[in-house]
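Okay, so here's the structure we're looking at.
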Amino acid sequence: MAQPRLVSLAFFVVILISGAHSATFSFRNNCPFTIWPASLANSDKAALSQTGFQLDNGATVSLDAPPAWGGRMWARQTCSTDSAGKFSCITGDCGTGQVACNGAGGAPPVTLIEFTLQGDGGKDFYDVSCVDGFNLPVLVVPSGGGANCNSTSCPVNVNALCPQELRIVAPDGGVVGCKSACLAFNTDEFCCRGQYGSPDTCKPSSYSQIFKNACPQAYSYAYDDRTSTFTCVGANYDITFCP
């Protein structure tokens, strides 16, 4: 007599799984130039339907994420295709020679948007990170997830505040990226590794404080969790570059 109950339970589980929320990411470009957003799924997650695409000024592209998706996103800028057909960008380039990143990450410095959907307690976890440096301002706004879901951002052009030793300069002389101190100097202290590999020993530096002062909600160094991680349940997410 137990068999029908097992079948019913299995059917109930299938219904729950099939009804799992699938978030939609809507990317908007408010920058006065074209950008090329990209994404990299975590190693145990499926890729989004587009891992890189062109986004003109004022345009919006929406992508549906699989349930429980996790990964990172960023925008590439100052991109071009050479005579051999190889695509590349001055910031955020993923090295594939194509607009699609196809499982490759973006070369820092880049402003990262990181997501873990349906994580602990069914919550979405998300943040904006300047741990790998900065290239473009960004705003993340959850929609449809309830009153306890907050936006996060790095809305300031940190490139305008960037010390000379951290700058990425385009051929035209413009500053298009700002390295983190870890990326620029590669020391254990700046990179929170070795004897500095814990929250007790890795502290903010004068360099990371530049990012934090400009963008208080964003990660400025590896252990900046307290003010920089946000949660929501059942939301979609609007991601605006140059808000």
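Backbone N, Cα and C define each Cβ position, glycine as well.
Under DSSP, C242 (disulfide bond) is assigned to coil, being neither helix nor strand in the three-state scheme. The feature disulfide bond is assigned by TrEMBL to C31-C242 (among others).
Listed in sequence order, the residues of the same chain lying 6 or more apart from C79 (disulfide bond) and placing their CB within less than 8 Å of its CB are T34, W36, F87, S88, C89, I90, D93. What TrEMBL records for C79-C89 (among others) is disulfide bond.
Under the heading disulfide bond, TrEMBL lists C94-C101 (among others). Contacts of C101 (disulfide bond) defined by a Cβ separation under 8 A and a same-chain sequence distance of 6+ are given as A38, S39, L40, T51, G52, C94, in order along the sequence.
TrEMBL lists C149-C232 (among others) with the feature disulfide bond. C149 (disulfide bond) has a Cβ environment of 20 other Cβ atoms inside 10 Å.
In the shown protein chains, 27 other C-beta atoms lie within 10 A of the C-beta of C154 (disulfide bond). For the recorded site, C154 (disulfide bond), the DSSP three-state label reads strand. Annotation comment: TrEMBL describes C154-C215 (among others) as disulfide bond.
Taken from TrEMBL, the feature disulfide bond covers C162-C178 (among others). Around C162 (disulfide bond), a 10 Å sphere centred on its CB holds 22 further CB atoms from the protein chains shown.
Annotation comment: TrEMBL describes C182-C191 (among others) as disulfide bond. The 10 Å shell around the Cβ of C191 (disulfide bond) contains 19 further Cβ atoms across the protein chains shown.
Sequence-distant neighbours of C202 (disulfide bond): residues of the same chain at least 6 apart with a C-beta under 8 Å from its C-beta are E189, C192, Y196, Y221, A222, Y223. TrEMBL lists C192-C202 (among others) with the feature disulfide bond.
The signal peptide feature in TrEMBL is assigned to 1-22.
Remark: C232 (disulfide bond) has K123, D124, Y126, P142, G145, G146, N148, C149, N150 as non-local neighbours, by Cβ distance under 8 Å and separation of at least 6 in sequence. Using C242 (disulfide bond) as the reference Cα, a 10 A cut-off selects C154 from the disulfide-bonded residues C154, C162, C178, C182, C191, C215. Its Cβ taken as reference, C31 (disulfide bond) is surrounded by 19 other Cβ atoms within 10 Å in the chains shown.
Note on proximity: among C178, C182, C191, the disulfide-bonded residues of the record, the Cα nearest C154 (disulfide bond) is that of C178. Geometry remark: C191 (disulfide bond) versus C178 (disulfide bond), CA distance 16 Å.
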